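A.B. asks: Below you'll find the structure I mean.
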Amino acid sequence: MEIVLSPITRISGFLTIIAQVDDNIVVDAKCKGTMFRGFEKLLIGKHPFDAVYLTQRICGICSSAHSIASSRALEDCSSLIVDYNSRIIRNIIHGFDILQNHIRQFYLFSIPDFVNIETENFKSKVPRDLEIKIGDNYIKSLYYSTLAHQGLSILGGKAPHNHAIVFGGVTTKLNQYEYSKAVEIADELLSFCQYMLEDYYIIEKYYTEYFNIGDSGSNYLSFGLFDDTPEFNICSSGVLINRKYSELNLNDLKEYEFVDDISFIKAPRYLNLPMEVGPLSRNCIKNGWVKSSTLGRIKSRVYEAKSIAENIKNMLKEVAINKNSTSKDVLDGTGIGTTDTIRGALYHSVEIQNKKINQYNIITPSAFNLSPTYNGIKGPLERALIGTYIEDTSNPIEIIRTVHSFDPCVSCATHLVSKDGVLLNENHFVHR
Amino acid sequence: MNLIWLETNGCSGNIISFLNSENPSFEFLKQRVNITFSNSEMYPFGTKAMDAFFDTIEKGGYILVVEGAISTKDNGNYNIIGYYNDKYITALEAVKVASENAKFIISAGTCSCFGGISAAFPNVSESKALSEVIPNKKIIKMPGCPVSGNWMASLLLNLIEGNQIELDPIGRPIYLYGNTVHDFCERRTFFERNIFAKRIGDVGCYLKIGCVGPSTKAPCPYTRWNGYIKWPIGVNSPCIGCSSKDFPNYTLFKEDEV
């Protein structure tokens, strides 16, 4: 039987999953992103500086990442290296955004797949008293994710869609008054991460089978997170294919379009392979390969939140007070800006001609994870769903658990395809 | 009162901003408003989510919040919000149906109010403002990119308490959008004294390097953002007019003219 799950809720954007289920086992799965704006096209002809603010509007839950990738692409174009203090401030802004997301994603999006919070949605394996404990932290998480955006706002001016990250550095000059509040927020967030870990271990204890569910193919890729400030590095760029580590080579990254498929999501492939990206990828590249799984992804996200909170605390000690740096000298040429972010590897590339944007291309983390089948090879999420046992086909919560473990963001995922650096038009996605 | 928060073609940043609300808090509002449908926040998924959507509409008397612009290309097929009775439901169809029985209709964010970035040239998805696809309906417009969660939360609280909301001629609440950013800007004295910033990051008035505060109506200078003291001009960057009708169809940063 065919199960159409639309909308997949508790994610950002619009995702449809179509699963073929035989004898309660998922035998085939398709991912379909069902929104499209053609974001790259609206950047053509714009002033290069505008790209840093405009590309943030791709995504309401991970906007600061786009500002970093975009400014890096412009800086690459002008062969400009931003100063250390600006890199630290950018990473603090990005770090607060990651914490906002990881807290929100874990409690608001993933937790309700495993425990019943407000209503009895499925037969939970977690004892009721522990469900109540997690439910309390679920409510508290609203405050802490809000607080993380407040931390971002102290340095970034506003969240979502910050103003401080610009071509050549950052505009903000952190003063000692603002610094004092940022320190408190970082500390509070770090304390809350401890509760997240405890709650994660409750889920792990009662749903341990999810370490054997949701294997994406276990090939991993990262563009590096905070690797421009080595002492606060979360993960360096790299690739794990068939368990073997190799250095990242951007020339091996290609993207493909679909003339007879049904999704607005394009298919990035590295050496023709679909790659999983995100916290689990970063964890494996840094600490060694493990098989990809639904719980593995959630565990990596929760652990990463704690590392990031610790790093923010330490990075704040390094920020120069009342200092900023920006630049006006953008040069014509081509540039690439990459960073790992909340959901994985993010790529921006730009071509500037006569001080105007001539081409712009974006590959997002969710495009990697949610990419559709190409050349007979399934995308990572599709592959992760195949083989899942579904107890009640009228309430396939097992599928949702794995989908949420990838933290999909479809506002980000749907983009135009470029071939040899030239954008193809949207007709390369054909809608059913 | 029931509430449907419908995300359409956009970045879903307005619901994130709303979750950030502290004036009053999201938690506080949730005890007074029953959010029956929200792609980002609701537990049910698939058919059960769509059941909740149509049940709320059938009961009537709810608040409809729409964030994002409405894609009209290919009969709305560039933006599908769900699957119901063996067919895909486009955002275009969903807003038309949901606006019929709503007690209040709110456009949250600039895309829903005016088209915004989702409808920016060349607008490949042929996205439009909500008011263009459901003409003749009264819509409260809450522009901003995104709209601050605090502004949204205060509006919702006032609506459920039965307070009158006075609107300007294009539908914005006057208590929030009655003044320009320039009116209450913390850098107004720099403007009066002709101290103009020459580049972003400087201290001074940003008027000569792209700031559109004088033509932008929004309460940012006194509500600030994210419950703290900061807002874009407070971090040495210009107001980019993200709550304006023509955002972002102009150059945000201007070269130094001083």
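Glycine is no exception: its Cβ is also placed from the backbone N, Cα and C atoms.
Caution: TrEMBL annotation is automatic and unverified by curators.
According to TrEMBL, the record shows the following:
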- A:Glu40, A:Cys62, A:Ile362, A:His415: Mg(2+) binding site (BINDING)
- A:Cys59, A:Cys409: Ni(2+) binding site (BINDING)
- A:Cys412: Fe cation binding site (BINDING)
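Surface or core, plus neighbours and distances: that's what I need for these features.
C.D. replies: The Cβ of A:His415 (Mg(2+) binding site) lies under 8 Å from the Cβ of A:Phe39, A:Glu40, A:Lys266, A:Asn361, A:Ile362, A:Ile363, A:Thr364, A:Ala367, each of which sits 6+ residues away along the same chain.
Long-range Cβ proximity for A:Cys59 (Ni(2+) binding site), meaning a same-chain Cβ under 8 A and a gap of 6 or more residues, is found for A:Ser12, A:Ala65, A:His66, A:Thr364, A:Cys409, A:Ser411, A:Cys412.
The Cβ neighbour count for A:Cys412 (Fe cation binding site), using a 10 Å radius and every protein chain shown, is 33.
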A.B. asks: Which secondary structure state does DSSP assign to A:Cys409 (Ni(2+) binding site), in the simple three-class scheme?
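C.D. replies: Once the DSSP labels are grouped into three classes, A:Cys409 (Ni(2+) binding site) ends up as strand.
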A.B. asks: My list of binding-site residues is A:Glu40, A:Cys59, A:Cys62, A:Ile362, A:His415; which of them have a Cβ under 8 Å from any chain B Cβ, in sequence order?
C.D. replies: A:Cys59
